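A.B. asks: These came from Swiss-Prot, pasted as-is:
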| type | residues | note |
| --- | --- | --- |
| CARBOHYD | N145 | N-linked glycosylation site |
| CARBOHYD | N185 | N-linked glycosylation site |
| CARBOHYD | N298 | N-linked glycosylation site |
| CARBOHYD | N506 | N-linked glycosylation site |
| SIGNAL | 1-32 | signal peptide |
| TOPO_DOM | 33-321 | topological domain 'Lumenal' |
| TOPO_DOM | 343-405 | topological domain 'Cytoplasmic' |
| TOPO_DOM | 427-439 | topological domain 'Lumenal' |
| TOPO_DOM | 461-469 | topological domain 'Cytoplasmic' |
| TOPO_DOM | 491-533 | topological domain 'Lumenal' |
| TOPO_DOM | 555-598 | topological domain 'Cytoplasmic' |
| TOPO_DOM | 620-651 | topological domain 'Lumenal' |
| TOPO_DOM | 673-682 | topological domain 'Cytoplasmic' |
| TOPO_DOM | 704-724 | topological domain 'Lumenal' |
| TOPO_DOM | 746-768 | topological domain 'Cytoplasmic' |
| TOPO_DOM | 790-805 | topological domain 'Lumenal' |
| TOPO_DOM | 827-830 | topological domain 'Cytoplasmic' |
| TRANSMEM | 322-342 | transmembrane segment |
| TRANSMEM | 406-426 | transmembrane segment |
| TRANSMEM | 440-460 | transmembrane segment |
| TRANSMEM | 470-490 | transmembrane segment |
| TRANSMEM | 534-554 | transmembrane segment |
| TRANSMEM | 599-619 | transmembrane segment |
| TRANSMEM | 652-672 | transmembrane segment |
| TRANSMEM | 683-703 | transmembrane segment |
| TRANSMEM | 725-745 | transmembrane segment |
| TRANSMEM | 769-789 | transmembrane segment |
| TRANSMEM | 806-826 | transmembrane segment |
Amino acid sequence: MNLKQFTCLSCAQLLAILLFIFAFFPRKIVLTGISKQDPDQDRDLQRDRPFQKLVFVIIDALRSDFLFDSQISHFNNVHQWLNTGEAWGYTSFANPPTVTLPRLKSITTGSTPSFIDLLLNVAQDIDSNDLSEHDSWLQQFIQHNNTIRFMGDDTWLKLFPQQWFDFADPTHSFFVSDFTQVDNNVTRNLPGKLFQEWAQWDVAILHYLGLDHIGHKDGPHSKFMAAKHQEMDSILKSIYDEVLEHEDDDDTLICVLGDHGMNELGNHGGSSAGETSAGLLFLSPKLAQFARPESQVNYTLPINASPDWNFQYLETVQQIDIVPTIAALFGMPIPMNSVGIIIPDFLQLLPNKLASMKENFMHLWKLSDHHGEVALDDFTAEDIYTKMYTIQETLTKSATNYNYPLLTLAFVGFLIITIIAIYVLLRYSGPDFWQLRVSSLSVLLVSIILGVSTFASSFIEEEHQLWWWIVTAFSAVPLFVYRLNVLIIVRWFIMMACVRSIKFWNNSGQKFIYSNVMSNLLNQNPSWKWCLNMLTFLVLIMASAGFQVLHFIVTTILVGLCFTYKISWEIVNGNQAEIPLFMHDLLAKIDFAPTESNLIVLARVFFQAWAIVVISRLVLTKLKVLNKNYLIKDMKVYITILLMFQTSSQNIGQFLVFQILESQIFYFFQNIPTASLTSTSKIYFSNLVSLILQNFTFFQFGGTNSISTIDLGNAYHGVSSDYNIYVVGILMSVANFAPAIYWSMLPWSINYASIPAQVKLQTFIRSKLPAFTYHCIFGTCLMTACVVLRFHLFIWSVFSPKLCYFLGWNFVMGLLNGWLPELALLCALD
């Protein structure tokens, strides 16, 4: 197989994956049109509606305990309003995927999200996100000639036309490094655009992002979280005070909610209790005139809850229930695609609660493909709600229609590619079955083990355990291949110690969390952490000292920039107390002031310097100005520095362990008995070991198969608020796949160090076959599992995220990282 054929095969594989994903995650079929009422009925409802103004406040990632739990909540004014009955509180269940765009669609239309909205959450410029033709409570307000003003997350303007808003001041939602200015940009408009012009608007939408950004950076227990709670609480008080001043003019409802929650790492996107349990609050002086929700009467806020409450405070409602509730409270018809149910506590506010219940029931009845009227006269309110909850459950479960023809095409195409990949892998091993090498059979064995595991949701959630067992098994190989002596045994023990250290470094998987892991110990002892980080950087510099003087100088400069940035980043983000004093003195001596603006400049200087160094090294080697014998070592050092730059401080020390482990593995490959391996077998084995370590370290870096553990905190180095989504995407990919990228370089020195130039391309193709075959076999099993288990309880929370990760591994590691750096290296070596 030549390079052109293999390139076509790889592109076809990626295309088949994309086709399968878009067939498996189709856009939901929604009803077109806008709900309307009889003109006379509409006029009466508008006249008698309980509220005239709506202030809709979204505090991004406002988890339920942030509002209600005494151990973490600092919303003191909210607690007071809840206890006086001016506010009614709930825990709202947010259907996964728990990211902003699909949650906003649900909150405004009342429909359940499709999983493809998770992908569109990043690609927010796609026209299909537009809800201007879909019914929503915003559409209903527009139809009833209400004026809407908006401030906050610019995702709203990707969903709704800007001309719908009398005033709009958007802020970027993905710039997670900022959690101060992003909220000030919203609050600055309150005096002028809301308070002073109170009579000029009917609906105000405020979407605050700062709390979510703090979660992404430091988690729910961040030192910044209490102050952010108090800031949001004071903003709500200022709005409520303004409502009280205008109490005689109109009735205003303030609705405060989180679009989703967050997990204990501060991330979201998955289906854990913390991510799906968002806080919900309705606030108005009028509410004090009615009976409080029964669940609220029994408690004095804040609540001292026990851990087994699992974020369920007061009464739990579906987040989509907000939509018909708002529609009823403002005398509007329920949006066309809403599957929500009016929150029962609000029926007492409605002028005709029985009619509202019946309208809600008939709306759901028709959505469930039933036709004709239903006699509800003999049913009690409880009976009607019981039936509505049953219909709602059915509608939310049957929200997806699969594109079976496209699924079949994609799967058959991928299966054909898999058969070709296995054939090519085995053909290079030997001319017949009896000459098949252990190396190729090992590739198939690992692929089949991981592939079969995809049929069990628990194995997907705890995939790291499988890689741990495989790493442990392969670590025993040197004991059987080499003639044992003291040196071999010592190196083997060092290798095992490194593997165990990596396993101990972070929590991995989704089911169990342990407190005594290395990353937690380092965070609790920051002086140890930074001494270890400094040692890691120094070892990298010293490792380059034996090559060339120019390389040593360049490495020292890059390491200096990287280390200075990592220290400065901690200081700017409020962790200056964790930085040892001598490092503060170091910054003072180089006259660098750690500020947010200086951080952006420093990061850009690093990236530019790194790019110049890498490109220059490749070009000068190609021109034979620099010695090509050191090119592979030099490039590995430069790439490692970039990976450390994109790594969180508690994980930088892992690269020291990586370097020690790599040196032991390299020794074993260099000294393997000649009779034990053919050249092809050596290529296969080195790349199989690389593949195993890529996956093993990915999980031990803190990665999982859940969307919620994607690292966004390191995706904005050098990025200002006016960011480029493609740059952020590249930085995010490097940050999340940093350990995998490191181990993808392992075979370079083994496979390319001493082979003739004319066989380098064939070596490249053979080196890609193990990973390519693995992804083909694993992907075939995963696709089969997704189709067979498409009605499984965990299809959206476990299998679908894994499908997205599979795409990421193939695109980032298989295509971008697997091809571009290595081909550039081979081109320079010619």
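A Cβ is built for glycine as well, from the same backbone N, Cα and C atoms used for every other residue.
Can you tell me where each of these features sits in the structure?
C.D. replies: Under 8 Å, Cβ to Cβ, and six or more positions away along its own chain, N145 (N-linked glycosylation site) finds no residue.
All chains included, 19 other C-beta atoms sit within 10 angstroms of the C-beta of N185 (N-linked glycosylation site).
DSSP assigns N298 (N-linked glycosylation site) to coil in the three-state reduction, placing it in neither a helix nor a strand.
Cβ neighbours within 10 Å of N506 (N-linked glycosylation site), excluding its own Cβ and spanning all shown chains: 20. DSSP classifies N506 (N-linked glycosylation site) as coil under the three-state reduction.
Across the topological domain 'Lumenal' (33-321), the model assigns an average pLDDT of 88.
Long-range contacts of the topological domain 'Lumenal' (491-533) within its own chain (CB-CB distance under 8 A, at least 6 residues past either end) are made by residues 264, 270, 272, 458, 461-465, 468, 471-472, 475, 478-479, 563, 566-567, 575, 577-580, 583, 649-654, 656-658, 660-661, 664-665, 667-668, 696-697, 699-706.
Same-chain residues lying 6+ beyond the ends of the topological domain 'Cytoplasmic' (555-598) with a Cβ under 8 Å from its Cβ atoms: 177-178, 217-218, 223-224, 526-527, 529-531, 533-534, 537, 540-541, 544, 605-606, 609-610, 613, 637-638, 641, 644-645, 649, 652, 717.
Residues of the topological domain 'Lumenal' (620-651) grouped by DSSP class, helix first, strand second and coil last, total 24 helix, 0 strand, 8 coil.
Sequence-remote contacts of a segment are chain residues at least 6 beyond its ends whose Cβ falls under 8 Å from one of its Cβ atoms, and for the topological domain 'Lumenal' (704-724) they are 97-99, 118, 172, 174-178, 181, 216-217, 262-263, 265, 267-270, 272, 275, 460-461, 463-464, 508-510, 565, 569, 600, 603-604, 606-607, 645-648, 731-732, 735-736, 798, 801-802, 804-805.
According to DSSP, the secondary structure content of the topological domain 'Lumenal' (790-805) in residues is 11 helix, 0 strand, 5 coil.
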A.B. asks: In Å, rounded, how far does the Cα of N185 (N-linked glycosylation site) sit from the Cα of N506 (N-linked glycosylation site)?
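C.D. replies: Cα-Cα distance, N185 (N-linked glycosylation site) to N506 (N-linked glycosylation site): 37 Å.
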A.B. asks: May I ask for the distance between N298 (N-linked glycosylation site) and N506 (N-linked glycosylation site), taken between their Cα atoms and rounded to an integer number of Å?
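C.D. replies: Cα-Cα, rounded: 41 Å.
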A.B. asks: How many other Cβ atoms are found within 10 Å of the Cβ atom of N298 (N-linked glycosylation site), counting all protein chains shown?
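C.D. replies: Taking all protein chains shown, N298 (N-linked glycosylation site) has 10 Cβ neighbours within 10 Å.
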A.B. asks: For N145 (N-linked glycosylation site), which DSSP three-state class applies?
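C.D. replies: Where N145 (N-linked glycosylation site) sits, the three-state DSSP reduction gives coil.
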A.B. asks: When DSSP states are grouped into helix, strand and coil, how many residues of the topological domain 'Cytoplasmic' (461-469) land in each?
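C.D. replies: Per-class counts: 8 helix, 0 strand, 1 coil.
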A.B. asks: Does the structure show the transmembrane segment (406-426) and the transmembrane segment (806-826) touching, where I'm treating 3 or more Cβ pairs under 8 angstroms (sequence separation 6 or more) as a contact?
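C.D. replies: Taking Cβ pairs at least 6 residues apart, the transmembrane segment (806-826) and the transmembrane segment (406-426) are not in contact, as fewer than 3 fall under 8 Å.
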A.B. asks: What stretch of 322-342, 470-490, 534-554, 599-619, 683-703 shows the most Cβ pairs under 8 Å to the transmembrane segment (725-745)?
C.D. replies: 683-703
A.B. asks: Return the stretch with the most CB pairs under 8 A relative to the transmembrane segment (534-554), choosing among 322-342, 440-460, 470-490, 599-619, 652-672.
C.D. replies: 652-672
A.B. asks: With DSSP as the reference, give the number of residues of the topological domain 'Cytoplasmic' (827-830) in helix, strand and coil.
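C.D. replies: Helix, strand, coil within the topological domain 'Cytoplasmic' (827-830): 3 helix, 0 strand, 1 coil.
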